[in-house]
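One structure is given here, and the rest of the page talks about it.
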Amino acid sequence: MMTTAGSFLSGENHSPSPIISFIKSQKGNPLLVSDKYIFKLNKTTTTRNDSNQLNSDGMENLLDTMTKQIDAVEQEEVENDPFPDLNPQINTRKPQQSLNGDIHAWRKSHSIKNKRTPGIFRQLSQDNMRLTLCLPNLACRDRLVRTPTVIMMVGLPARGKTYIARKLARYLHWTGIQTKVFNVGDYRRDAVKGYAGKEFFDPDNTEAVAIRNLCAQHALEDMCNYLQNEGEVAIFDATNTSRERRRTVYNHCVEACYFRVFFVESICDSEEVIQANIREVKLKSPDYKGVLDTVAVEDFLSRIELYAKQYEPIDDKNDEKDYSFIKIFNCGERFLVHKTRGNIQSRVIYFLMNIHVLPRTIYLTRHGESEKNVQQRIGGNAPLSEAGKVYAEALAEYIENEKLSDLIVWTSQRQQTIDTAAKIYAPKEQWKALNGINAGIFEGLTYREVAERYPEEFAARDRSKYYYRYPGGESYHDLIARLEPVIMELERAENLLVICHQAVARCILAYFLDKDAERLPYIKVPLHTVIKLTPMAYGCMMESIPLSVEAVNTYRSKPKNCDPNRAVAEALNEFVELRIEPITGPTTTQIIYENSGTAIETTDAFGNRIKRLDSVTSDTILNNSFSSVHDSLTKQASYVNPTN
């Protein structure tokens, strides 16, 4: 089909369009340059001497001439494509009947809009009938800094690829980079009902290979579509064990879609680590639902052997020497970094060099109730209230009963956190980065005073709490940037207690629980409660442990009315006090939020959770089916003072 100027500019589906830019020749004539062609233009074609401006009258004729020549070449390439399964432009293969006749309901459409014109390149502005083309040719592509990035995982099964992919996606998403994981295994499970056994992964099984290639193709198409629209980083989570597969995907991403590609290869020869990964992760996979553990382990080890037959590590000497990559050996014992390009890749490397998989627990709590909390004043230094002092003693007792010989305590540099940690017998460090959010000119005021004196500012913060910056102060977005070094050290640390402030605790929880920017400022972090975080394979288990010391509530729900002309009473009507009341009986803990509902967990006589209202997300979960293996886990737990 002929590509017209109208379809090119409207963003409709069309034949592959060239990446084009305008330059001037030595004689001053404008040249239209694509990755394959150079078109010489007359000076009269442009509306002025600026070489990257072209009037709309000449655009249609120009594109018409170009596409006649380019379509002919593209059609020749399509006919001679050596990898049709991974070319979404020409693939016509339909999945064959599977080994057990279990393939179901493939999506009928996997088309990619503007396959050869990625989102950041296809933005054309029209002003007074002039079009500014900002599409680069191959020569200048590496100089662009906002190019979407594909992170391609490489390695045998049970090497922690999915663990790394999900952890990396969570970190990038937390920093504000739109990131998504595309796991080819999920596409396979979606396409094939049930698990066909290790034979499905035999490289000599041509039928199964065709099905797996088709699943990889669909994942690749969805990934490219994501990056061409709203995404910034996509993680292609698959084994990608052969050089041929890596080259095919790389060429498609770089040459057809104009993305950057960064490889992350996980290499592990420690049998202890591999066996632990199989036990803790793979046995819980949907592939082995209802299968005995011994049978599942034997089958998975056989699957690894089948992949090992075709595994080719990234070759940094010959065929793959131009790739950008990092190799991780034995979960971080050693790293090999090769040809890093750009800020995203540098941040990825920095993050991967700081994570570890050793078992550890992070305890997170706010300082004890301060006098400013009682007065409902914002920010600043303040001594503990009487209830806050009681909590400091209860916290020290709780930590002592946890029997953590290697515990480190982090506090902010503000008095209330230092006083809260005073009676804990453990090494302590003070972090300026853990100080509470800077409220600027509102420091020391109450919410009522802000609502009365600055109604427009108060309403503006309610409308966009994450991005709102206090006059002369900070926003939650600023706070995330300030806390990034803290997160890196949290990833490196082992057992740790962090005593901080409400906004800081929310940011840390948002990282571990993977909460988005809209929900982050409304995560509930009540006073006098210890939050126990246990990192797991695909998420983080969170336990919320109230220490039964009364405190005021500093939580304020997102208001429905954000008009600056609203009554002060309406702006403040969801500011309520908190009381914690243990219910009679050892199996239930109730947390009561006046006018805001109840957080409650109930277990049966065998300790199984039968009902829970999540105090962080306000989700009700029944029948003990509270999470899949890939989700963050949360639960409520009561703490009984052993001295009572």
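Glycine is treated like the rest: Cβ placed from N, Cα and C.
Whatever TrEMBL says is automated annotation, not expert-curated.
Database features (TrEMBL):
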DOMAIN    146-359  domain '6-phosphofructo-2-kinase'
BINDING   Arg366, His367, Gly368, Glu369, Ser370, Glu371, Lys372, Asn373  substrate binding site
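Taking the centre of the Cβ atoms of Arg366, His367, Gly368, Glu369, Ser370, Glu371, Lys372, Asn373 as the substrate site, the nearby residues of that chain (Cβ within 8 Å, site residues left out) are Val374, Ala382, Leu384, Ser385, Gly388, Gln416, Leu527, Ala551.
If you take every residue in the domain '6-phosphofructo-2-kinase' (146-359) and average the pLDDT, you get 89. Spatially close to His367 (substrate binding site) yet at least six residues away along the chain are Leu384, Gly388, Arg414, Gln416, Thr417, Asp419, Thr420, Ile499, Cys500, His501, judged by Cβ distances under 8 angstroms. Comparing Cβ neighbour counts within 10 Å across the binding-site residues Arg366, Lys372, the minimum falls on Lys372. Non-local contacts of Gly368 (substrate binding site) by the CB criterion (under 8 A, 6+ apart in sequence, same chain) comprise Leu384, Ser385, Ala387, Gly388, Lys389, Val390, Tyr391, Ala392, Leu395, Gln416, Asp419, Thr420, Leu527, His528, Val549.
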